[in-house]
Amino acid sequence: MGLKADSWIKKMSLEHGMISPFCEKQVGKNVISYGLSSYGYDIRVGGEFMLFDNKNALIDPKNFDPNNATKIDACKEGYFILPANAFALAHTIEYFKMPKDTLAICLGKSTYARCGIIVNVTPFEPEFEGYITIEISNTTNLPAKVYANEGIAQVVFLQGDEVCEQSYKDRGGKYQGQVGITLPKILK
């Protein structure tokens, strides 16, 4: 299994639509950086957030109640205020179409981590297609800004030694083709 370089990421994105929209260079002046890097791609967070703000609720991943969260549009302000010790969901600006022989892993950016903002994203499985739902936690006792339309995490691509027998698409993955923020799902 090999870590893929910028030239491979660029080729797969421009010729096969792996990342769209695709930024061929790293943009980093006066913004939290995004775009192509040496061995990865820095993704951007969109302007829509879902804040988990019902203090009297129980979060149950097997029976999620959407009333436990509030949608917030941060496009006008350009940022979202994540309250102290709070959790929110968001989604990427980029749409992904993963190759069948490749898995991607996403790691939060150090700029946010150094401010106590932790970003979690599960792996992008072979042949997954869709926007990425991003989990964002504020681990501090202070409110924190998360900037819309700027970098939030870095994706690294690992190509398998052989093609998997069954991809995410083949299995009918429950988040296949997701658009916007996608809440937890359990197949029944």
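Using N, Cα and C of the backbone, Cβ positions are placed for all residues, glycine too.
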| task | Please state which member of Q154, Q159 Swiss-Prot lists alongside K109, S110, T111, Y112, A113, R114, Y168, Q178 for binding dCTP. | result | Q154
| task | Work out the three-state DSSP category of E135 (active site, proton donor/acceptor). | result | strand
| query | So how many other Cβ atoms are close to A113 (dCTP binding site), meaning within 10 Å of its Cβ? | reply | 13
| request: Rounded to whole angstrom, what's the largest C-alpha distance between any two of K109, S110, T111, Y112, A113, R114, Q154, Y168, Q178, listed as binding dCTP? | output: 34
| Tell me, by DSSP, whether Q154 (dCTP binding site) is helix, strand or coil? | strand
| Hey, how far is T111 (dCTP binding site) from E135 (active site, proton donor/acceptor), Cα to Cα, in Å? | 16
